[in-house]
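> Questions regarding the structure given below will be posed in turn.
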């Protein structure tokens, strides 16, 4: 028995140890069967092919997220956002798995090609073309189908059976498979479909309003809809940028605009409504009718994608029941129905109840937010005292662990330092017995200091509050208030007074005598509360600030927002304003509104000076000087008070301007001027305004405009009389131009001293023998002017200003009521039309001459309208219903008709706005139509010194109508009009190109014999007009005179070589000049000017582009695409056309002769021939003069011939030549400079120009050199570099003044023809050892990070680790309609020109950013006198300063030096945008800024050989920056790209493929051909021989996008 037991035990132990073979075989068999069953089950899963190239980590993400599928990863297709694109296929299949096979399904916004390939003939795809991107995607799906069918046809195969039904359906009835209507408006009618209907929405519900979704589903009889969309919980915080790390995408939020994009990609962004998406997330029920709703239920969240389903619910199926007492009661049935309806209403209307009122539901659907709270963090600027606030998500357990612990501290121990120490200790890792224990809470370490301050302040206030409750304000000799302040004083030390003031200001503490009240603010907001608040804010859409009011600075913020509308609000002194409000106890918002009302002329009070300064206001209110005797006064009421102040005191003001400078005490009471004859022999002084006084206008804006118009007539009259008086006083000194406008009659001799060009002048100025001057009404007899005995001379003017102004003044004076103009109640409609839109034609078609009135500015226009209206032979237009404005006002009341039904004013915007208001009132019309052009020549105030405020120039209207189709202008002019007008301007003209220009040798060349001018002759100035008339040309007018006219052909002439202000790119005169012709315009000019540039640009426009502006009728269908492209680049895919010869032709045109250079053996020739070199002090090891032989690998041979050279071999001679041409060739241009003081001033300018004001001082609490910074630096290094540091103990530094020297084997190609005459030097690299870089690398990395965080990124771009898309975003908000100067600073020998001054500037910048003094001194000495050693070439030398091209600060150092250089020379406070990168810079300034002599300053101060270029387009880091009216696009330099295709260093085909991919990455923007025309202009600006290059851009796209085709650009060198 004992043996049996022993044997059994032994056998059992053998089995356990695995020594029993029988048991082992059974276990293996069982394991095998289990594995087979598992693999068979896996094989039965749906199979999905994943062709996109993704990483192993992304492969694991996809596999774990979708275990329902058997995914095969092929990694055969490179694509943008590969993971997201591949996951989209998995998401589609997952949604289709939820639907019974064969049931009718609507795919909202789906991919119909995917369903065809899967053989789903029961799916209808609703694919609306909401934007151009949708059209492109749909065309791509069609292409994929055609590609699939062509492959089958090429292989002799047919469509598989499982696909045949779907493909037959698509071929026969395509609208049954796919439509392009929105889901809400889709009208698809299924054919004999039974069973339930389903729908899926894959990333498409964003664009369907949530309020319309339920009804749209019901209209299609959908039973269940399955949807998927992207979302992130962090969108509910105050962050404007949220990352989706798993798919490398991001959300950015701006108000209600939510933008989704993929990081590091140039694909188009997707814009949605944030409030709409929030409704889909938060709402549970989506009403479809008064009976049915769709209930939403979340299914699962996978890889940043949320899945949910919407189920159709019939609310009539709800249980009907109610408690009752009497069965027979009639109220029973009513109560039952009411209760049931109430129950149904709750289900349909309280749609947010389930999610918003149940916090557990929130925690379930937002698992990351469970037990998380939102804690506010605060910061304050020491300079400006401005407070900033942000929010972070922190574990609730962590918050209360800290609060509960620090609440136990004694009063002396409760300090900020102790709180921070405790918070850091519970967050840090702990090492126990050599094992690292991770902290329970993963809180970002960068937040610990701010969190500690929040915890500390909250606890401190809570402790004080508890003490107050206990003590009840009685603690012996000291009051509780005194005890509290003592406690706070101990905590804060010397900072106590400011802390006390801060607590009082924030109203966290209030003091009233000895009583003290403390309010402890809420510490946090839960995620559930934030979700509820965000959702309700999006539904109700109020202007709600959901932040806790923990500071009263919110009021000040709103006040400053109110003030931000003012011009130059950035210069507003916020501190002074704040102190004023505090000291006077004034509400900041009230004060801000008053300031804005006065300074923006919205207070009903207009000050005609520029700014309401103290001096100007005092001048407006001061007493006036005494008037001279004999003054003629135009007044309409009695005046009692002797001054303007008196009038203001009693609440009324005299009509401005009628009295000039004269005081009211000199007015004649009740003196009225009944007729113009009363002006006869009035003293000239009474009409001449010697000085324009500070006038105050009151009343509504229309009244103020009308008063200003009366003043303008007075000013015009006084100016005309003054000019005639001046001529009489000095007749001999009149120039030729003035003589043509005036005449002077000598009364004694009856001769004209200056003969006037016209005759029978109605008015003149008379000089008497007593040297008195009077205005006189002239009469004529047989001998001429009738004169008086005491007259000496008479001056007349060919202009009728005196007579017309007097007549209009007389009329307007009669219209005044108690000195105030009357404003009509008629409706005023502004018809804003482009040139040639048919404004006159429209007036004639709408007018009824029996009851309407037409007013025009000039006689010619009035005659033209009468002629066109009476062309049928029936006289309908007469001088009674078609008048000039002057005639109507001068003869008002003399016509038989005084009232009109409608008033039409042609070219009304050329009139003074007050004049228009008077015309409307005088016509007594019911409605007035003012036809004009807001971009053409407006009313011009021609009286120098007369104030015409800017807000007076805007006509007050009730309605605005636009006309944007021109019947006159050809297509090229229409292209120009689109730059000037909002909205799309179209043309009905069949003429495409009509403008041309000709530069003439001088003004003398223009004469009728040698240069006959075709068509209508126009000029810009009166002097040019008179010159042409004097030379024999006829019918010549100025541009201003012919506004509104139309001519077949126009010759525009400029004879004035000096600058003319009205000839500018944005000038209305240029617009009028370009838009007068219907067939042709030719511009003859003696100088280059902006109009020449405009015409040259229009001449280069392609015909297909001009076809876009062609319209056959007046409908403007193109207006519909405005919303598609607004604020983003238009994308037009570039056709893939062209050949290698296109690239070669383009290169040869741009750089003629470069491709013929045979430079393959230049390096060999230099080594073999004698050479003479001038060398500075250096040591040469001649044993290294002969390089060691190496095996030569024959590279691939390029088919494109460029100036590229073969890689050179390392050697003493090659390295020495490079060192001589670079390190030994530094310029010496600088003058005598006080280095330290000048460097300090330059750095002051640098910080003031580029850094945000609140970040100009370093954060001394942050350590620059730490373990974290070293680890960050090590992560960027290669393994070889880290290996070099294995024996470095970081105790002592190697010699910091010792550098190694080497060079790049591949010479740099220059985009010029210098290769034809010189041997290019190689680029040298001077670098430290890795041990020194390990010290300074992390240090400068942290300093660089601080610098870039402090830069004003809205205006300045320091190009470090930026993508082309980020460059486009930075320059994207440039307004192309605003005239700008684009500046580039070109510096040669930039690195080697830097001397002691540059070193001092850079050191001062780093020092102010927090660079430690000892290491700073070490770094400075390491860049002063330095030793260079080239062990390969055997060269050793010494250089002073210079930029080391391999130093840790090479790139950022060069960047800050170029920025500091420009800040010291240019007015950076005026800059619009600025970008800096190494030695490259690009600046955008407002047009017309004055710049100093940059070359002189750069030479003397900076030792730079510099040139400042002004360009139309920027060139930055090898890329052209093309700004346009919708944003900005960055094109890689196509010539540089072609130059790289001639590379002779490509080793093999694998190296070639890597080369192609790198070129594809930088040249991706060339795929967009929408802005090729602007790119042509930009290239031509640099290379004047460059032809239009769209053909070569398309060729580059073709070859770069096809790796097989790209191989044809090279041939194998080993086979040659």
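Note that Cβ sites are derived from N, Cα and C of the backbone, with glycine treated the same way.
Pulled these from Swiss-Prot:
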BINDING   833, 834, 835, 836, 837, 838, 839, 840  ATP binding site
DOMAIN    72-281  domain 'Alphavirus-like MT'
DOMAIN    801-963  domain '(+)RNA virus helicase ATP-binding'
DOMAIN    1380-1493  domain 'RdRp catalytic'
REGION    50-458  region 'Methyltransferase'
REGION    830-1085  region 'Helicase'
> Which residues, in sequence order, are found in the same chain with Cβ within 8 Å of the centroid defined by the Cβ atoms of 833, 834, 835, 836, 837, 838, 839, 840 at the ATP site, excluding those residues themselves?
933, 963, 966, 967, 968
> For residue 833 (ATP binding site), write down the residues of its own chain that are at least 6 apart in sequence and whose Cβ falls under 8 Å from its Cβ; none is a fine answer.
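Counting only residues 6 or more apart in sequence, the Cβ neighbours of residue 833 (ATP binding site) under 8 Å are 839, 931, 932, 933, 962, 963, 964.
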> Report the member of 834, 837 (the binding-site residues) whose C-beta atom has the most other C-beta atoms within 10 angstroms.
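Comparing the binding-site residues 834, 837, the most crowded Cβ belongs to 834.
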> Within the chain of residue 836 (ATP binding site), which residues six or more apart in sequence place their C-beta under 8 angstroms from its C-beta?
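Residues satisfying the criterion: 966, 967, 968, 969, 1046, 1075, 1078.
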> Please report the DSSP secondary structure of residue 839 (ATP binding site), reduced to three states.
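The residue in question, residue 839 (ATP binding site), is helix (DSSP, three-state).
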> Which has the fewest other CB atoms in a 10 Å radius around its CB: 835, 838, the listed binding-site residues?
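Taking 835, 838 as the binding-site residues, the minimal 10 Å Cβ count falls on 838.
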> Summarise the domain 'RdRp catalytic' (1380-1493) as counts of helix, strand and coil residues per DSSP.
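Reading the DSSP string over the domain 'RdRp catalytic' (1380-1493) gives 41 helix, 33 strand, 40 coil.
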> Including all protein chains displayed, how many Cβ atoms other than that of residue 839 (ATP binding site) lie within 10 Å of its Cβ?
22
> Within its own chain, what residues at least 6 apart in sequence put their Cβ under 8 Å from the Cβ of residue 840 (ATP binding site), listed in sequence order?
864, 865, 868, 906, 1044
> Can you tell me the mean pLDDT for the region 'Helicase' (830-1085)?
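The average pLDDT of the model in the region 'Helicase' (830-1085) works out to 87.
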